[in-house]
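Here is what TrEMBL records for this protein:
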- Asp246: active site, proton acceptor (ACT_SITE)
- Gly28, Lys29, Gly30, Gly31, Asn32, Asp246: substrate binding site (BINDING)
- Asn174, Thr210, Leu211, Gly212, Ala213, Arg214, Gly215, Gly245, Asp246: ATP binding site (BINDING)
- Asp240, Thr242, Cys276, Arg279, Gly281, Ser285: K(+) binding site (BINDING)
- 2-287: domain 'Carbohydrate kinase PfkB' (DOMAIN)
- Met1: site 'Important for substrate specificity' (SITE)
Amino acid sequence: MDLATVVPHFPRPGETLQGNRFLVAPGGKGGNQAIAAARLGANVALIACVGNDEFGPRLLASLQAEGIDCSGVVTSEHAASGIAMVVVDHTGNNSIVTVQGSNGDLTPQQVARHVDSLATARMIVCDLTVPVATVESVLSTARQSGIPVLLNASPVQSPEPARLLPQIRYLVVNEVEAATLSARPVDSIDDAKAVASALHDAGATHVLVTLGARGVVAHFETDHGAQVAFFPASPVTAVDTTGAGDTFAGAFATAIVGGASGPRAIAFAQAAAATCVTRAGAAPSIPYLHEIGIDFRSN
Ligand code: ADP
């Protein structure tokens, strides 16, 4: 669940600030990415764990209302729901503290109960808000069934999850995550290109490094060899960038599953993410297909 407020500037240590709005909205990376894909036209099933607190039923209901198959969503016996405390400044930038909560209770055993539904997927989208052992169990099912995996390697605190990359078809990371995962700085577009190629060399087939308002650097493997390119973002006035990365990942996956080329899928996903940043909140700001002036099906 996202607990968000808008402040004149980010608080300094010891400072008490008055926020001028307070928003409680369903959130979480997996949920947001599922909502993005569903609103943009994909058939989506979610495997996740909500908390045994008052937010749990609210999160579940909000996902069901999007038409997402939630038969794989369980309720933790012990933990409260995962929380993101979001502070947005006057420029639309955010600062977020997350609490893993019930996300940490999603076990490989729970995933194993949904192997049949996983095995029929056209793409599996994972993030690192759940235990790495659980992600590994999903990767193993994906490998056995030949299903491509998109990993949004977030949150990431060390280069350790880079060992998963040989099993990843599409790696999506923002610049901070790219730097952490590769243990190399990302201060420029050229740095992002070098890191995208390094993460490809570490095993991911295609690598997308999102650079906020600047756009995306991608390393694509093609029949004609590697293509490393920068794709500028759609210019918009940002109100709140929360959820931009999740919208991008869900939209990109939807476009690829729909048959789009990599560059076309990036254009579609950037258009969706740009719309998201013009509105407040994460899940509430994720656009529907008709709100995006670009169709991923025309390559
Ligand atoms: P995350 O939310 O994971 O940190 P980014 O901030 O890199 O991800 O944003 C993901 C994508 O969203 C960007 O690559 C871009 O396409 C779009 N985006 C983010 N911020 C803006 C912005 N201010 N203006 C236009 N597009 C944006």
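Note: Cβ is positioned from N, Cα and C throughout, glycine not excepted.
Less than 6 Å separates the Cβ from ligand 1 in the case of Asn174, Ala213, drawn from the binding-site residues Asn174, Ala213, Arg279, Ser285 in sequence order. Between the CA atoms of Gly28 (substrate binding site) and Met1 (site 'Important for substrate specificity') there is a gap of 6 Å, rounded to the nearest whole number. Of the residues the record lists as binding ATP, namely Asn174, Thr210, Leu211, Gly212, Ala213, Arg214, Gly215, Gly245, Asp246, the two whose Cα atoms sit farthest apart are 17 Å from each other. Closest to Lys29 (substrate binding site) by Cα-Cα distance, out of the binding-site residues Leu211, Thr242, Cys276, Arg279, Gly281, is Thr242. Arg279 (K(+) binding site) sits 14 Å from Asp246 (active site, proton acceptor), taking the Cα positions as reference.
Cβ atoms within 8 Å of the centroid of the Cβ atoms of Gly28, Lys29, Gly30, Gly31, Asn32, Asp246 (the substrate site) belong to the same-chain residues Gly27, Gln33, Ala34, Ile35, Asp127, Thr129, Ala282, Ala283, site residues excluded. Least crowded of the recorded positions (Met1, Leu211, Ala213, Cys276), judged by neighbouring Cβ atoms within 10 Å of its own Cβ: Ala213. Calculated from their C-alpha atoms, the gap between Leu211 (ATP binding site) and Thr242 (K(+) binding site) amounts to 14 Å. Here is what falls inside 10 Å of the CA of Gly31 (substrate binding site) among the recorded positions Ala213, Gly215, Asp246, Cys276, Gly281, Ser285: Asp246.
Taken residue by residue with DSSP, Asn32 (substrate binding site) is part of a helix. Asp240 (K(+) binding site) has a Cβ environment of 25 other Cβ atoms inside 10 Å.
Closest to Ser285 (K(+) binding site) by Cα-Cα distance, out of the recorded positions Met1, Asn174, Ala213, Asp246, is Asp246.
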